[in-house]
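Feature annotations, reproduced from TrEMBL:
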- B:17-37: transmembrane segment (TRANSMEM)
- B:49-74: transmembrane segment (TRANSMEM)
- B:62-169: domain 'ABC3 transporter permease C-terminal' (DOMAIN)
- B:109-133: transmembrane segment (TRANSMEM)
- B:153-173: transmembrane segment (TRANSMEM)
- B:200-222: transmembrane segment (TRANSMEM)
- B:228-255: transmembrane segment (TRANSMEM)
- B:283-304: transmembrane segment (TRANSMEM)
- B:498-520: transmembrane segment (TRANSMEM)
- B:551-570: transmembrane segment (TRANSMEM)
- B:582-606: transmembrane segment (TRANSMEM)
Amino acid sequence: MKNVIEVNNLTQVYGQKTNKPYKALKGIDLQVANGEFVAIMGPSGSGKSSLLNVLATLQAPTSGTVKVNNQDIWQLNDKNLAKFRGETLGFIFQEYNLIESLNVFDNIALPLSLQKIKKAQIKKAVHLVAKQLNLTEQLNKFPTELSGGQKQRVAAARALVHQPSLIFGDEPTGALDSNNAREMMNYLSAINMENNISILMVTHDAFSASFAQKIHFLSDGQIVQTLERHNASREDFYRDVLTTLGNFNE
Amino acid sequence: MLSKIALSTIKHRLKDFIVLFTGLTIAVAIFFMFTTIANNRAFLEANSIIQQITLIFVIGEFLLGFITLIYLTFANNFLLQLRQREYGLLMMYGATKSQVSQLLFRETLILGSLASVVGIFVGMALTAIAGNVLQKLLYLNLPHWQFFNGRGLIVTIVFFAVILTINGIWNVLHLKRTQLNDLLHANQVNEKLPTKMGRYFIFGILGIILMILSFIIMHKIAQMGLMGLILALILNVSGTFLIIRASLILILNVLQKLTGSYKGLRRFTIGQLTFRLSAFDKLLTIVTLMFALALGALSVGRGFQMTVPILASQNSAYTIAIKDPTKQETANIDKLTGVTFKTTYQYKMVNKAKLYLSKAEFSQVNLPVLATNGTMQTQESLKIPKTTYADAKELANKYPSALNQLLVNITANNVNVTANNMGAIDASFLNKTAFAVAKGQSGSITVIRVKDYNANETTLAALVKSQMANHSDFSTDTITGTYPIVQLLRSYMGGIEFMGFFLAIAFLTMLASTLMFKVLSNTAIDKKRYRILSMIGANTSLLKQTNAKEIGVIFGIPMIIGFLDVWFGLPMFKPIMGNVYLGFGFAAVVVVILYVLYYLLTVFLYQKILALKQKHN
């Protein structure tokens, strides 16, 4: 199967010029196959956010390569990187990251407007994805008028609307209560399976992680263990994750 | 202990505090500048041809007070926004509400008093510099000018003390009413949602009507007097407010419906502006007011400045006449640049009663005269006509006033030459030989015309000075030509000219600080938004363009409405100015250049704070 992400020997060092440089990532190798749903777990300070920032093109690595769809992303210039980000990637963050000055429709439509897509097509795509995420009634509202769960669904719709090859999630359920978190994860699974979009999600929450097909455990800047779901049910996989985490803590 | 914690938290947000402190200081300084002039009655009365000038300044001071009040409210809200979270934290650690309230009250007062003290000194310096530099630039020497007066100082101190105390009390009340949890989350600023469009429609139309009404009243101000002025002001300010609050949001709403709005970040810009206009309504209203006042003041000031040489040139065909030039004066005459005419006429005078002039000299080089066109001298008539008279006699017949000027200058006497009478003094033109043998004290007068007064200002002023010193019988109006009239007019109109320029500087400074302050206080909200856009795929240059466009519209609105205000408001000055639009072009160029510079600086600072850069290693 083709890989959507290929990471080779990735390192990230902060404060290189100071006398106390901090190595956040110590030579990570990682692949995500097309259509795969991968989670990355680890305690705070393990390098989760650093890894996601580099993969999501938000911060350049110190060394190593990141290929997305065979394209070495850190070889792109600013303009092409922005274009790449806009066309290929989708983001869902813990703090929703919606633009309060735009209503739900315009928030979801943003990635498409940036790609200079025609109004009629934008409308069609937004309504389609809004239907999928049960947001049709909310399209004219502003983010401040929505509940947390609704906001995160808007964020998901925005990540999905331009049919990216890959969606990044950074603690997407972190700000949600358990009901909303379950609902959100169900939506993400559906997006992964129905739209065949790969998802890479960083989380510290075992429940959310159990929706993935594969979980990498990160500790001290390195991948220390990988857990695969294979054909197990989500509930069984959840138990496996909890066990693994328990072993970690011992 | 609490104060210590409070001080240490200030350090963390030093940049914001510097913005706040600078804004406050400038507000105090400008208020002081204005108050110093407004309270210098002797200066105002001595230097103005408008009788109600003192009253106008009192109205102006109320206006500025109003602007300052709104500005301080912004500043105060900004302070609250900066501090609320910290105060919430202090209360989490066990500080009581009243302890924290006291701390906030003290902080407001300390910041305010510091800004007041610094502001008063800055104001004094600004007043002194603006005053002296301006007087030099405009070649004015205004009587009773002072950069400091006690009354002005007291008014400034009392004004700010009262407002700061009110602000302090308001802050404490606000703190008392707010829940701890809200304080802790105060940094997550939520902008107000714009209300529904139906309302905008009514208010939008009303705003335009009020605005037009104010223009009509301004046009008829001569009939309505002071009440008209106040009425026009009220209508104009409320009209501006409603236009910003409603009409423009209505327009944005229409723009949003257009197909083109789906391109790039246009809908983002429209959304941002819809929110900003609702949040900035009061600010943009006073900025419009300040823009209009600055542009208007400068137009009037410049108008008077430009009127001076025009009026002067209607009074004489030459720039200056120098009687019996000394060596020093001859050297000065040689220094003059752009000389278009220069000649010297000999004269002989007997006991200051009998004057002989050489007919031949006047026939050879014609004395420059103004051609009269009916009673009014037209612009064309200001050129020196070519040989318009054959001999001196014809000069006396045809252009008595030109000869009159010269004779006044020679005899230091009031003469009134008519066609048949050479005036109170017994003056006559003699032919060459008769003039040569005539007895009497001989002397000469050199008549000069230069192209540009300003280029020769120092030399001309020195010549007037030495003429006055050399001839004890000269009075201020003995020296003839346009330059002495320029000097006379400057002393007459200089006050208005000066006040126009001075007020323009004051309003522009205040405007810059207000607008920049408010715009920059939004970076916290926008930082996140631009980061999101960047993640969604907007590249840096598009983000920069979008940001510049948004700030551009916010800057553009006061400019456009301000221009309309001035264009329709200038006719108010018809009673005291010939052509009310004379200085408008100059003022427009200067104000727009400065305004564009403010804009560019704001965009630069904004984008620096937003850090719109790719983090490429």
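Backbone N, Cα and C atoms are what each Cβ position is placed from, and that goes for glycine too.
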Report the DSSP secondary-structure composition of the domain 'ABC3 transporter permease C-terminal' (B:62-169) as helix, strand and coil residue counts.
92 helix, 0 strand, 16 coil
Contact set, same chain, for the transmembrane segment (B:17-37): CB under 8 Å, 6 or more residues outside the stretch:
10, 43-44, 57, 60-61, 64-65, 68, 71-72, 75, 78-79, 82, 111-112, 114-116, 118-120, 122-124, 126-127, 130, 146-149, 151-153, 155-156, 159-160, 499, 502-503, 506-507, 509-510, 513-514, 517, 520-521
Going along the chain, which residues at least six beyond the ends of the transmembrane segment (B:582-606) come within the CB cut-off of under 8 Å?
291, 294-295, 298-307, 504, 508, 511-512, 515-516, 519-520, 523, 526, 547-548, 551-552, 555, 559, 563, 566-567, 570
Are there residues at least 6 beyond the ends of the transmembrane segment (B:200-222) whose Cβ is under 8 Å from a Cβ of it, and what are they?
228-229, 231-233, 235-236, 238-247, 249-250, 253, 564, 568-569, 571-572, 574-575
In terms of Cβ proximity under 8 Å, which residues at least six beyond the ends of the transmembrane segment (B:228-255) contact it?
59, 63, 194, 197, 199-215, 217-218, 220-221, 261, 270, 273-274, 277-278, 280-282, 284-285, 288-289, 557, 561, 565, 569, 572
Give the one range among B:109-133, B:153-173, B:283-304, B:498-520 whose Cβ atoms make the most pairs under 8 Å with those of the transmembrane segment (B:551-570).
B:283-304
Let me check one thing: do the transmembrane segment (B:109-133) and the transmembrane segment (B:498-520) come into contact, meaning three or more Cβ pairs under 8 Å with sequence separation of at least 6?
yes
Please report, as numbers and ranges, the same-chain residues at least 6 past the borders of the transmembrane segment (B:283-304) whose CB is under 8 Å from any CB of it.
63, 66-67, 70-71, 74, 237, 240-241, 244, 277, 493, 496-501, 503-504, 507-508, 510-511, 514-515, 518, 554, 557-559, 561-563, 565-566, 569-570, 573, 577, 579-584, 586-588, 590-591, 595
